[in-house]
Amino acid sequence: MNQTRKFILKRPVIFSLAIIIISVALTSIPLSFLFDSICGQQEAEYIVGILEQTVVSVILILFLKKIDYLKKAGFQRKCNELWILWPMICFILLNASDYLGSVAIDKSKPLLILLFVLVYLSTGLFEETLCRGVVFTVMLEKWGGSKRGYYSAILLSSLIFGLTHFIHYILGDSSFLYTVTQVIYASFVGVFFCASMIRNRSIYPAMLLHGLFDIAGSLKEIAVNGGIDKSYKTTTLDETVVCVIILLPLFVYGLFIIRKEYEKHVISQKEE
């Protein structure tokens, strides 16, 4: 596996793009028809999402273990300072606020609700394992020896995470402006998740918060007369500006945490 690791570290960007394309492709295989005979269409899509995202996540985790990056990727229970996560918790509540009081959860469908929760938690598992666990870890291992490289690993891995949302534009699911908005907020959130991973030495808080954030923004799917929204997504320039203004503090806060952690890293190296 040393040869594999050397190859990856020699071409971290190419490797990152390749692993993202392959992983996203594997989690986008339309297999819901396999479950149509035993459950509804929405439940079938959730089941496929859970299975595909979990299986690919496990493969990625096993890959990290094989190249001895599992601990570096934050797969350990140690969490130093969970209190730093409070801004993301606020944004989760803000994301859910659009539906609170206006959406009635359909409690007559407990299986649907369970699958809904599991599919978005598996999304958090998959996307964090891929983007923070694999991509960010590889880039940090390659460039983390210098301040410029340290920040480059964080910003580039977060930007790549954001740019993956262009798949929705390519598939004709959303407008260009809506997609750009997604790229910006995903990149901002990605920087914060990198900060969480660095400070806590664990990827698990980011996984959980990612899943909860997606759950909070998708409650309409399990509402009475709800369902998966497959309509064409669009937005206005004003809404994009508001989104950036709201999430900018999270981005700045993430950079603040990262700067503090880098200073600690430099001091510890000097002491050694």
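Just so it is clear, glycine is given a Cβ too, placed from its N, Cα and C backbone atoms.
Bear in mind that TrEMBL entries carry predicted annotations, made automatically and left uncurated.
Just so it is clear, the model here is predicted, and its values are computed rather than measured.
As recorded in TrEMBL:
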- 111-215: domain 'CAAX prenyl protease 2/Lysostaphin resistance protein A-like' (DOMAIN)
- 12-34: transmembrane segment (TRANSMEM)
- 46-64: transmembrane segment (TRANSMEM)
- 84-105: transmembrane segment (TRANSMEM)
- 111-138: transmembrane segment (TRANSMEM)
- 150-170: transmembrane segment (TRANSMEM)
- 176-195: transmembrane segment (TRANSMEM)
- 239-258: transmembrane segment (TRANSMEM)
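With a cut-off of 8 Å between Cβ atoms, the residues of this chain six or more beyond the transmembrane segment (111-138) that come close are 8-9, 12, 15-16, 19-20, 23, 27, 39-40, 42-43, 46-47, 49-50, 53-54, 56-57, 60-61, 63-64, 69, 72-75, 105, 153-154, 157-158, 160-161, 164, 190, 193-194, 197, 203, 206-215, 218, 221-222. Within the same chain, the transmembrane segment (150-170) packs against the transmembrane segment (12-34): three or more Cβ pairs sit under 8 Å, each pair at least 6 residues apart. Below 8 A, the CB atoms of the transmembrane segment (84-105) and the transmembrane segment (12-34) form no more than two pairs separated by six or more positions in the chain, fewer than 3 in all. With a cut-off of 8 Å between Cβ atoms, the residues of this chain six or more beyond the transmembrane segment (12-34) that come close are 41, 44-45, 47-49, 52-53, 55-56, 60, 126, 130-131, 134-135, 138-139, 142-143, 156-157, 160, 164, 167. Note on the transmembrane segment (46-64): residues 19, 23, 26-32, 34-35, 39, 70, 73, 75, 112, 115-116, 118-119, 122-123, 125-126, 129-130, 133-134, 137 of its chain, located 6 or more positions outside it, place their CB under 8 angstroms from a CB of the stretch.
A mean pLDDT of 95 is what the model gives for the domain 'CAAX prenyl protease 2/Lysostaphin resistance protein A-like' (111-215).
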